[in-house]
Amino acid sequence: MASTSVLLSKAILASVVLLATVCACTAMSPYAAGLSEDFYHQSCPQAASIVDAYVTKFLKKDRNFAGAFNRLQFHDCWVGGCDGSVLLNSTATNQAEREAHVNFGLRGVAEIDEIKAGLEHFCPGVVSCADILILAARDATAKVGGPTWTVALGRRDGVNSTSLMADTNLPFPVLNFSGLVANFAAKGFGAREMITLSGAHTIGQSHCNGILPHLYNFTGRDDANDTDPAMNKNFAVFLKKLCPQGNRTNTIFIDSTANTFDRAYYKNVLQGKGIFMTDSTLITNPLGKKVVTTFSKPGSSFFTEFAAGMVKMGNLGVLTGSDGEIRKTCQFVN
């Protein structure tokens, strides 16, 4: 009886240890339930390499497109989750996310569809548009000097997309520091993570549409002299030449090294050379200024924290299992 009790105790102890180990591993996983790094290992093993090849092709043609792919992930995941809904076209009865004010000038949709067509040739009906967005953002960031990160896959595509949802969820470029903190907090991100992900503005371009309030309507007067007083004076003159009052469609690089992912964005913000009001406002708060100053210096943890932020963002509102669908083309539901 004694030996039986000992064996039973050991078996129970082993079960408890195993359960604790499993729970610990699950708790430590950085990915949403249903996602895995090897999701397409059997169904489409070449998926990641196909996306990578297309991204390389697009960046050879226009290196600045890295910013477009990065922006697509943010603008997709922030509105109802990472479900590829930002890619959908409007219909006769619905105005899709891409038509939202905050998505003015969004680029990269046709390129994502081209990647999708390439994947459909080898693995029809397997790889979601939502996963393509996640892979393209990671690959593009790394190819222009930024960090890379491991992505988990298995997202499925959503079938709903409205401009109202985009304008309600995405941060407008006129928000102040507390407004940005609140917007990111609603998605489960802290102030430091908000400042970190703002570093995506180190690559890419913008239409003047998002810059005009910073130059001509900072206090609501809407005149040529209503410029953010904290903006570098020479920089303001430079921007006004590129973005005359009332011109919404001209384009401008959003960073002094807009084709390279680096720390220049934070240096620019400290020098009063932030393009958007949401850039300049980062140093109006003591915590914000401290983080921006830290990230502007060599050896900072900006790259590491940015990669972690993109992984976390990729977990937002994902559809897995039998939810959603796998679109045949990214701009239309099946």
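Residue 1 is the first one shown; counting continues down the chain.
Cβ coordinates come from backbone N, Cα and C, glycine included.
Please treat TrEMBL annotations as automatic predictions, because they have not gone through curation.
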Between CYS77, CYS82, CYS123, CYS129, which residue forms the disulfide that TrEMBL gives for CYS44?
CYS123
Pick from CYS129, CYS208, CYS243: which cysteine does TrEMBL list as forming a disulfide with CYS330?
CYS129
Among CYS123, CYS129, CYS243, CYS330, which are disulfide-bonded residues, the residue with the most C-beta atoms within 10 angstroms of its C-beta:
CYS129
Candidate recorded positions CYS129, HIS201, CYS208, CYS243, CYS330, pick with smallest Cα gap to CYS44 (disulfide bond):
CYS129
Which number gives the other C-beta atoms within 10 angstroms of the C-beta of CYS82 (disulfide bond), all protein chains shown included?
28
Alpha-carbon spacing, CYS129 (disulfide bond) to CYS82 (disulfide bond), which is rounded to whole Å:
10
